[in-house]
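Record features (TrEMBL):
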DOMAIN    13-103  domain 'Disease resistance N-terminal'
REGION    98-118  region 'Disordered'
DOMAIN    191-372  domain 'NB-ARC'
DOMAIN    487-564  domain 'Disease resistance protein winged helix'
DOMAIN    738-856  domain 'R13L1/DRL21-like LRR repeat region'
Amino acid sequence: MSGVVEPIILAAVGWVASPLVAKLLNEGYLSLGINAEKKLEKMRDTVLPVLKSVIEKAEGSPHRSEVEGWLQRLKDAYDGAEDALDRLTYDRLRRKAKAAARSSSGKRPTNPVRSSSSFHVPKRVKWVIKGGRDMLSPRKIKLKVRLKKLKKIAGKAKDLSTLLGAQPETADSRQTFSVPPPRVFGRDEDRDEIIRRLKIEPAAGVPIPIIAIVGRPGVGKTTLAQYVCKQLRSELTDGQHFDPIMWVYASRNFNASKIMKDIIQQASIASKPQEDLGDAVVAVRSNLDAVAAGKLSSTEALRLKMNEKLNGKKFLLVIDDVWCDGEDRKENWDTLFRCLSECCCLRGSKILVTSQTNDAPRNSTVAPNGAVPVEYVRHLEDLAKNDFSDLFIHYALWQFDSHLREDFKEKCRTIAEKLNKDPTAAKMVGETIATKLANLLRSQGNLHAYLETIADKDWSGDKTKALMWSFRHLPAHLQRCFSYCRLYPRGYKFKALELVQLWMAQGFIKPGDPNERVEDAGDGYLNDLVSRFYIQRHNRFRRSSGTGKLVCYYTLHELLYDLAEKVTRSDCVRIEGNRRSQIPSTIRHLCIPADKLNEEEEEICKLKKLRTLIVTKGENVVSDKNVATGIFKSLKKLRVLLVSGLNLENLTKFISEMKHLRILQVSGAGEFVLPESVSTLYQLHVLEVENASSLPARLNDLVGLRYLRPSGIAEIGKLTSLQGLENFQVRNEKGYELEQLKNLNELRGRLRIDNLENVESKESAIAADLKEKKHLDSLQLVWHDGEDNVNSTLDAEILESLQLPPNLTSLHLDGYRGPSWPENQTSNIQELALRRCGMLEELPPMDQLYPYCRSLELWHITRLEALHTLPPRLQEFTIFRAPFLTFVTNEDLQLSQDDKRCIREVMRNRTQEWFQHQRKEDLVHNEREMRNFIAGMNGREHSNIVLPPMRILLLCGRDGWRRMSKNRINLQQTK
């Protein structure tokens, strides 16, 4: 395959003609100890102001090819200088690691001057000796040469500006901006008709009807479906129509099992507007919720779980972006609709789909007559001219008062006519214009002249022309970040952290504040792209124990993915399926299936400057152990290496040469040995490997590591930059003590501490200093191999001495053997789960200890007798094998004193009748009645237990509870 260079699109590499050049030059000169402020100040005054206007003028100019060639040279020089600076950073980290190793081993450091005396100094740079001995480093010489080259090429912008007649302009790449509140224009009639159709009751025996919204990409199908759901949710307060309303995203990568898992999770959430779910009462999980939906794999298991969740409910399921072309997708749809048609839901349940093709929702064969019952298809036409103009004006002029809005309206209507009635273009171009107008207003510029210029643009013929114009006005740092999303497959749902990590690895993120965490700056970039409509954010609430937690994922709209393909044509290539794609020699980022590596090996080996290699699972199994040998040997500039489904036996020979590597992720491979040479990748930020039979002994030298999986390495406490560490295992070995956590204060998210039975003293627990882990919000503490009937006061001392993180919201204890519960815990807990805590007999008043707790789980708490006041905000209470706990019903209040004392009779009567229903309204909520009853039953003066309005989950079924009740009676009699 040829390595022909694709024609360069000015917008694609335009980011390099920006202040990013000056920033790189500044970083490079600082690393060399050179004060280049005067040189850079001259560049900022004479070169930077014309960079943007040069690109603007080049469009449609006869000198366009000359500008393109200059941009490509500038980009190559930028990458070269960045690589040289990066290698210098690697050398600095390597020296630091070796010095630390010598210090820990007690060896005397070597003389740095003597150890470097063999370096050859070229004649042309001998003058640098005056700058200090380190200036003689060949790496520094190479960096200096490349910085000089970059500066020289950037300076050519002045000549080009003269040639093109480009005028300097003030750059404002990091300006703040805001967006108007979202509004829907011109879709009320469509919304009302769809809702009317949704409310029509189908005939008895008809499978769940489907209503389809069909239209071209970008016409507003998803927006209309959201508009429909918003209206229906507003009617839920009246107890009418659909409950629950669920939303799943299908896309081209549709998978029936994944969709069913999404349905199961969403059906578990109370029918409240999604934006309100954080405070909503979460629906009760039934007995099968003991097995999380995510662990179910077979279609039948998922069907049964989905049927359980939808049983007796009148639901609305929205499936967004349906594609049914190809046998594989059709088979997945058959599976999904067949499983849905077998659900025991209420008549009137409906499915609403959005699709680009008219026949997509029909391409399934689940109904008796051989077709899916598509009840109604709403063909979504383009917005009316006035509605579309109003939409554009809303985004372009929303910041101005009515007088200025009226003044600019006509010009904005002229611009709107050029946008092909594309709502996505209206939002993006409108936002770009609004930002520029706000700047002109502040600087007292000519707003009318600017709008006149835009009104003269020709955006006809190509749907992405207007989007491309908007992209060119995107700040340079955001251009790079958006373009990189091209490596994802079309329709892919990605999470914020995975994308931000990739941006970090490429050096795209430049925090404005030196104290700002890079990930936080990356989140800011992502939010900017969402606000500017380049990336779509989807909010979903996932259940975690009893609470609904907001989980965001992100996608690229179909038209924006087309834009990303165009602007990355010479920089990113993604090879999929059986399609053959050219691999230009200029590319820096490549995604390819594992079974295509042999076919493309020759071309890939030529890509000496490749920075990203993502190897995905192919359609065929790759058994050749040598398939990637030549490739890995050639690619020494990689910063990201993600490998799935490939034998990595030969990777170990070359991994140490990848000095620039930041991310190494390996999954879906057979068992392999992670080589010791990985410990020399000092710039590694993310190391996540599956099936590694052993880990290098000196991984703790990678002091810049931020995310690690698995975690079983000695002296992990040296990795003070760690932020992601899901599991820490305590061992009775040096280097694996609990104290290793002491300095890992950047940890955030979740942490599981395993094998706490190996902690020998409370001093070790204190030394772990968990109270300083301010970014942790979920903690799981696990003891193994403990005897439930052994009273371990040491466990109680350890738990009390751990001093939990102050911002913890989720706490799980498993295997704790202490008899008491420490009361000096954080009060922010929202989820509390106690499992296999066999010696606990009572808990302290939980309304005081955990006032914000919404979910309480008690599993295998076999001795717990007293449960005092419960948290006032408790929404879900899960009990499994807690035989001494007793609950009081309204019926129980009518029992005589003799019956109250006879627990056998109470339990015998209750298990036969009441636990068939487990209804909330049967429970006693009056505190005095509850106390009096339990006091009478136990023969005590009083007992303090209060049940707030909630649901109690008994995860054992009626027969299981009857057996547990008998055990409770027998234990009570033997006491």
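Cβ atoms here come from the backbone N, Cα and C positions, even for glycine.
Averaged over the domain 'Disease resistance N-terminal' (13-103), the predicted model reaches a pLDDT of 87.
Summarised by DSSP class, the composition of the domain 'Disease resistance N-terminal' (13-103) is 78 helix, 0 strand, 13 coil. Mapped onto DSSP helix, strand and coil, the domain 'Disease resistance protein winged helix' (487-564) counts 33 helix, 19 strand, 26 coil. The DSSP breakdown of the domain 'R13L1/DRL21-like LRR repeat region' (738-856) into helical (H, G, I), extended (E, B) and coil residues amounts to 30 helix, 29 strand, 60 coil.
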